[in-house]
């Protein structure tokens, strides 16, 4: 599997097609940069008038999306904390994902050298996403860390005492991280809640509130996503082997969930590759 896919879920560079209004939320973090043009963008309950040089970070959990149909040349990056953190964290380094956890959503209007720096980093990211092999991945990772450092620097004044909503979001991030590490094991609500030191009732409440999914809906979605990757890149594995590996104890349960989320049976999906 290409390691680049583990670092960035989506990297869309300088796209300029018109955007229809589409509001959504997701557990992944998002970076949005406007190169040219502009648009009205909704984040939570706030309408932002984006202009060239605007750098926007979002924790993904607030409803967000463009308002109306406007042409806007922009770059969008989406990445998952649990998958990305091992690649950007090293002993003695800054917590490069702290701004996404603590200040939630923030827009900065960049000018001068800072704007030039960010645009050069995005250009490098675009170059290295297309460069295969370990060298390409390491150059991509280094460029992405450069971007995260710029964001950290922009965020310094905002990294203060967390609000109640930020505390909720940090708890949900901890839940997501635990699930990412353990989704292939047998999980119960009690086990997940104990791992993050929350009551089961409170954990279920804030997880649904912030992600729009129940805990088990998210676990099933994560397991099915991994199964799709295994079918695509490890073609010798049987349906039964994949089902057990991603955490399903019964093949019928795996098949039913797979069909519900993908629209195909595991056998049909496996046969596509």
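The backbone N, Cα and C atoms fix where each Cβ goes, and this holds for glycine too.
Note that TrEMBL annotation is computational and uncurated.
Positions annotated as domain 'HTH araC/xylS-type' by TrEMBL: 173-272.
Mean model confidence for the domain 'HTH araC/xylS-type' (173-272) is a pLDDT of 93.
Summarised by DSSP class, the composition of the domain 'HTH araC/xylS-type' (173-272) is 72 helix, 0 strand, 28 coil.
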